[in-house]
Amino acid sequence: MAEEFVTLKDVGMDFTLGDWEQLGLEQGDTFWDTALDNCQDLFLLDPPRPNLTSHPDGSEDLEPLAGGSPEATSPDVTETKNSPLMEDFFEEGFSQEIIEMLSKDGFWNSNFGEACIEDTWLDSLLGDPESLLRSDIATNGESPTECKSHELKRGLSPVSTVSTGEDSMVHNVSEKTLTPAKSKEYRGEFFSYSDHSQQDSVQEGEKPYQCSECGKSFSGSYRLTQHWITHTREKPTVHQECEQGFDRNASLSVYPKTHTGYKFYVCNEYGTTFSQSTYLWHQKTHTGEKPCKSQDSDHPPSHDTQPGEHQKTHTDSKSYNCNECGKAFTRIFHLTRHQKIHTRKRYECSKCQATFNLRKHLIQHQKTHAAKTTSECQECGKIFRHSSLLIEHQALHAGEEPYKCNERGKSFRHNSTLKIHQRVHSGEKPYKCSECGKAFHRHTHLNEHRRIHTGYRPHKCQECVRSFSRPSHLMRHQAIHTAEKPYSCAECKETFSDNNRLVQHQKMHTVKTPYECQECGERFICGSTLKCHESVHAREKQGFFVSGKILDQNPEQKEKCFKCNKCEKTFSCSKYLTQHERIHTRGVKPFECDQCGKAFGQSTRLIHHQRIHSRVRLYKWGEQGKAISSASLIKLQSFHTKEHPFKCNECGKTFSHSAHLSKHQLIHAGENPFKCSKCDRVFTQRNYLVQHERTHARKKPLVCNECGKTFRQSSCLSKHQRIHSGEKPYVCDYCGKAFGLSAELVRHQRIHTGEKPYVCQECGKAFTQSSCLSIHRRVHTGEKPYRCGECGKAFAQKANLTQHQRIHTGEKPYSCNVCGKAFVLSAHLNQHLRVHTQETLYQCQRCQKAFRCHSSLSRHQRVHNKQQYCL
């Protein structure tokens, strides 16, 4: 039976833009992938040769494609170039000769043609340009005229012949018999030569072609031919017209253009040949010229990029948006590739079931199964595909760090790590945030910083709802749930949950000082301390004066090189001087918030305050759907849903931990084992004693100028000063009432909203504050932890105990300004003041008689009740 050949154009399916629009996304993707598989099978049988065309009988000369001659451009090519889909491929930098080759044969308009323009095929095609130029033409001393009439073979040759000029050396590589295969894909039939055995062997990782020089194996005959040239280092293919040598026949197939009218240009510097457009771009590398210079940067666009495309990098024009996640792209090709993540159309490995979004990633992964891993580490037994990776891995065992920094002498294993480290010394921060303008040394740091603006926290804790922007923060948080402390100190056996804390702790035992001063030889534990010390020598060289004397002449103040301009006090570090200067500038608040107008004395406090306005609140709580942050959500959920399995037998109070129950039982036992050595005050818990002892030991350097009260923290002083100044920066949006503290405003707003988040589990009563709920629970439990030391009477609230103790002491702190009468309670004073003001707030509804206090009204109403009872 005679073999019948069918061209691709006969079996191809033509689709218009209207046909593609009718196909859905899922059907279109299925059609695309199936067509791609068929197309790749065809190209395995007969790789494309875009540079030369010939008839099978060899009667006609080779014709240059449209890429080299304008006369050869067909109408199909022109029509294809103008299509919208082709514009995307030209923007991607695809070879014009490839597209025109496909269009000329009617290949682009078929379903197989479109399928070929895909990531995997084009990446392999463009990544190895010489793969397009491989030819089976053997040049055994033939003239250039004879070169043009060579026959392009339509099948795979059973013998691969390589000629080396005068001394020819032939490698015979046997290939398996080609058998015709019939396919019925896409409602069409076609015959093609396919080597199923060879294809299966490549998939299984077999490499049947072996080099006789070094024994290296290859999966294809042409790869063996290319490898064999590396042994001879000769150029076996010689062009007879100019006697110029080439490494491959493919290079020779391109070179005749210089003799047949095609204009190729040779670089005088390197001797490399180029086409006209490529030669112009190459010359600019020598002259330093940067055409098409962007107004936004000093970098010219690459030669394969149009100026319009280069401007998109500065204008940030991203007109293609993803409907799933809202991410924007500059090209529709990037959007299509991104959408595969949402559709979950994944490619699975048949051996290890690993999945990938792109086919090319699957092919790269399959090479790990097929490749012969001959490089093995003798230390740990790890296997590598390449010897270079093994050498790099062995440096870890040997501790080698060949790349050294010239500034500090620090060494690194990789050159890329050294370059990133050198940016610390040069101050280069190429990665800049578009939101706030902050710059970073590394791109990964910029990505982590952007999550502050977007609120994106991909790393979630499985135990609670808390999420984190960095995996290291998640690991540190998970140690709270597991209570695991895997890092142990070898000296004292103390354990830590974080490796950083262990490193800091070990410095206490070793007392190593790795940082040494080059001037005086003094060593330090921290690098920051060394920098602070080096500034002393820098000031000495500049002749810095303190109180009219040079530092060298005053050894006591040698390291106090930072001087206050107001009181002339000196300090050893700049941070100490900054803290000291706040004493002189106290009350001055130059940093003002743009949102609410609040002013601060320090820039760091302003930044911390601005987070209140820019805070992302992604969670809702309560029936009204109030927006809260993740931290607030955790506190609310832990309060309402936390289990309390440990119950007190005395009062019935429950606890989440047994340690809390043990501490609580000390209240009923009356034990106060922790006693202060200075004031004999006792406490039930050790942490309370530690906090109390700080009141004796710690100084209070911050003094209020109005009343002389001292404070330990500036924030406490600022809150206290609002009492004297009457400042109330927090204003209620409902009624306009102002408050001095933000916590007071939050509690007040619950009156308007009616929110009562704290609910009693016993009776269901709700409260606006957690402290009110705690006091209310004592009604059910009968707990009265506050006991009077004089009479032994117990109270549920501390305020009640304070009022009761005034009976024993006779203290009456509330006095009337009119008559001077004193009272124990402020409520009694308010009632007394109504005597002077004649104010009557409580009125009887029956006789309209008014009273100053509610108790008098209640006694009066009993009169009406008795009269009604008598009637």
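Cβ coordinates are placed from backbone N, Cα and C, and glycine is handled just like the others.
Note on Lys148, Lys153, Lys404: Swiss-Prot annotates SUMO2 cross-link at Lys148; no matching annotation appears for the rest, which is not proof of its absence. Residue with Swiss-Prot feature SUMO2 cross-link, selected from Lys293, Lys312, Lys340, Lys558: Lys558. For the residues Lys104, Lys351, Lys635, Swiss-Prot attaches the annotation SUMO2 cross-link to Lys635, which does not rule out the feature elsewhere.
Per Swiss-Prot, the residue from the list Lys176, Lys367, Lys419, Lys493 bearing the note SUMO2 cross-link is Lys419. Non-local neighbours of the zinc finger (842-864) in the same chain are 831, 834-835; each lies 6+ residues outside the stretch with a CB under 8 Å from one of its CB atoms. When the zinc finger (320-342) is classified with DSSP, helix, strand and coil residues number 11 helix, 4 strand, 8 coil.
The number of other Cβ atoms within 10 Å of the Cβ belonging to Lys419 (SUMO2 cross-link), over all protein chains shown, comes to 12. Cβ atoms under 8 Å from those of the zinc finger (403-425) belong to residues 392, 395-396, 441-442 of the same chain, restricted to positions at least 6 beyond its ends. Look at the zinc finger (403-425): DSSP puts its residues at 11 helix, 4 strand, 8 coil. The zinc finger (591-613) scores a mean pLDDT of 76 in the predicted structure.
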